[in-house]
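The active site, proton acceptor annotation in Swiss-Prot covers Glu181, and the record cites sequence analysis as its basis. The annotation 3-methyl-2-oxobutanoate binding site is assigned in Swiss-Prot to Asp43, Ser44, Asp82, Lys112. According to Swiss-Prot, the Mg(2+) binding site annotation covers Asp43, Asp82, Glu114.
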Amino acid sequence: MKTTKDFWVMKNEGKKIVMITAYDYPSAKQAEQAGADIILVGDSLGNVVLGYDSTVYVTMEDMIHHGKAAKRGAPNTFIVADMPFMSCHLSIRDTLLNGARLIQETGAQAVKVEGADEMIPHIRALVRAGIPVVSHLGLTPQTAAVLGGFKVRGKDGEAARKMLEDVKECQEAGAFALVLECIPKQLAQEISTNLTIPTIGIGAGVHTDGQVLVYHDILTYGVNRAPKFVKAYANADQLMLKGLQDYADEVRSMNFPDDEHSFTMKEEELKTLYGGRG
C-alpha cells in the first residue's frame, strides 16, 4: 500500500496519481485490481448510489457503512473517506471525533475536507491529531447551493487569485494532497506548479499531478448524464441490461434453470420420497 510520502515522491518524479471513487466492496475490489493508487469513498455516493439530488443528505453513518465495505474490497489500497456535510463545521471537537470515527471504523488512511477559509483550523486540528487530510477546492458540492450552483470555479482573475491563496493555506495547514474540481486548466496548472503537495484533478485539465473519476462514470453504470469532464471507458449499462433481459426471457420461456443449474436426487432416495411408488 502506498503512503502519503509515496504520493509526494510521485509528484516530484512526474508520475501521475490514479484515484478512483468507489463506494462498496465490488467497485473498490475492481479499482484495486485495476491498479488505482488511491480509492476515494466520496459523499457523492448520495447522488450515485443512494439516489439523492445532493450530497448534503449523506450522514456519517452512510460514510462509515460504505467506507467499511470499500476497505474490505481493497485492503491493499490507500483509501480516503469524505467528511460529510456538517461533520467538520460546528467545532474542532466535533471535527476530531468525526474524523477519528471515519479512520477507526472504516480503516481508511485519510479523510477529505471540502473548502478553505473557516475550514483551515479544522484541517490543522485533524493533522495535529494524526489524521491525514486531503483538501478539496474549486467546485465543492456540499456548498454548491450557496455558491451559485454546479459550475466552473475560478474563471475570473479575482476568483483565481483567491483560490491560489486558499490552496496555499490548505498546504500550510498540513493537507498532504489537494483535489481540484471544475476549475480552468490554466489555473490548475499554476496551482500544481506552486504547491509542494500533489494535486488531483476532476475537470481541471491534464496538468494536475493526478486524476480522479467516479467508478460509475468511468463504466457508464447507472448514470443518467455525465458531466463534461467525464470520459467513459465502457458501457456497463448496456451489457448489464442485456444480461437482465436475457435472464427474464429465459425464466418466462422455462429455459432457466436447465439441468446444468439444477440439483438431482439418487434413484433410491426418490423411491423413499415417493413411498416406493415407481
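A Cβ is built for glycine as well, from the same backbone N, Cα and C atoms used for every other residue.
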Tell me, by DSSP, whether Glu181 (active site, proton acceptor) is helix, strand or coil?
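It is in a strand.
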Sorry to bug you, but what's the C-alpha spacing from Glu181 (active site, proton acceptor) to Glu114 (Mg(2+) binding site), rounded to the closest Å?
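Rounded to the nearest whole number, the Cα-Cα distance is 11 Å.
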Same-chain residues six or more away whose CB lies under 8 A from the CB of Lys112 (3-methyl-2-oxobutanoate binding site)?
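Lys112 (3-methyl-2-oxobutanoate binding site) has long-range Cβ partners Leu40, Gly42, Val80, Ala81, Asp82, Met83, Val133, Val134, Ser135, His136, Val179.
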Provide, as an integer number of angstrom, the distance between the C-alpha atoms of Glu181 (active site, proton acceptor) and Ser44 (3-methyl-2-oxobutanoate binding site).
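Between the Cα atoms of Glu181 (active site, proton acceptor) and Ser44 (3-methyl-2-oxobutanoate binding site), the distance comes to 13 Å.
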If one looks at the chain holding Ser44 (3-methyl-2-oxobutanoate binding site), which residues at least 6 apart in sequence have a CB under 8 angstroms from its CB?
Thr21, Thr55, Asp82, Pro141, Val214
Counting across all protein chains present, how many other Cβ atoms fall within 10 Å of the Cβ of Asp43 (3-methyl-2-oxobutanoate binding site)?
30
Inside 8 A of the center formed by the CB atoms of Asp43, Asp82, Glu114, which other residues of the chain have their CB, for the recorded Mg(2+) site?
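So the additional residues around the site are Gly42, Ser44, Thr55, Val58, Met83, Pro84, Phe85, Lys112, Val113, His136, Pro141, Gln142.
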Which is it, of Asp82, Glu114, Glu181: the one of these recorded positions whose Cβ has the most other Cβ atoms within 10 Å?
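Counting Cβ neighbours within 10 Å, the top one is Asp82.
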